[in-house]
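Residues or ranges marked as transmembrane segment in TrEMBL: 12-31, 83-104, 116-136, 156-179, 243-264, 276-296, 308-332.
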Amino acid sequence: MPSLVSEYAAGTLFGAALFTAGVFAPSTIIAQMKMEDVTMVKAMLGASATSALVVHLADSTKLAAMKPRTPQSIGFFPYDGNIVGGSMIGVGMALTGACPGTVFVQAGAGLPSGMYVLGGGILGGLLFVSTQPSIARLRESRGNSKTKSELTIPKSLGVSPWVVLAIWQIMCFGMLQLLSGFKGPITGTQGLVSPVLGGLLIGAAQACAIALTRHTVGTSGGFEDVGRWLRNMISGDSSKGPITASVLFDAGIVSASALLARFLLPAASVQASSHLVSRSTAVIGGVIMAFGSRLAGGCTSGHGISGLATFSWASLVSVGSMFAAGVTTAALR
């Protein structure tokens, strides 16, 4: 029970950081995919730089073993699951103006579209657990899913992770400097703080999550857990409930967002942003996004904030696929 309480507490801190950064508005995420706004990227860069430092400090001090995300394969080649799954996340983000993490903020803040995306995400989790056996059989039949290459950039290059960390910090800072001159249209619900400070708060929430739970943040596992519970209920097995560590972490995000939205977020701006996404698009996009996040073994939080912080190749491939597919989808709409 203490571990579940810790998961919930970590989720509330992470949700509060996402809310404060203002990166949850559908219009902000859609504008990012259209390359009209860089609020989301600025926040992610700040979060990535902070998380990378936090993760390596936690690992070096033996506070917690920070394991990198591993390649996810469908069976054709080692990273095909990361590419396909990451691309599905990007498509879902461009359609819904949400990601597997911010959808919980949207739901907590009362955005109507967020409720439908969340519903679609649960269906996506059910679809994933239902197709898992088929995916496993395909992987085993082809036998091309294993890789002997190193999992992280430092190990592949044969250099100290602290060297890569220093380069990563310089790169994030340099990109933030370049983006500081970008003057796009003001979209969505503006954060309570600047995007960069919001990213630092997300990184601080990562530190708290590691201290509380001994692992990095990730949100999409809740879709799979609820989907598995639903599948078991449908098949007549009610022995296990839906309360898992991932579900409680996500519940913490919803709770914190609901509390902050009640006092700090103008209702009019919430409704205006949410109306950009139709109900059907929200549900369909939610299904695609949640399924893709489980196929890739992580989402914008698990890969984008936590995985990149460990310099995981799988996370780099997944995040690259997310943005490539998201930008393409937004351009074609």
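A Cβ is built for glycine as well, from the same backbone N, Cα and C atoms used for every other residue.
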**Prompt:** Which of 12-31, 83-104, 243-264, 308-332 has the most Cβ pairs closer than 8 Å to the transmembrane segment (276-296)?
**Reply:** 83-104
**Message:** Using Cβ atoms and a strict cutoff of less than 8 Å, what residues sit near the transmembrane segment (116-136) while being 6 or more residues removed from its termini?
**Reply:** 74-75, 96, 98, 100, 103-104, 106-107, 222-228, 230-231, 277, 279, 282-292, 294-295
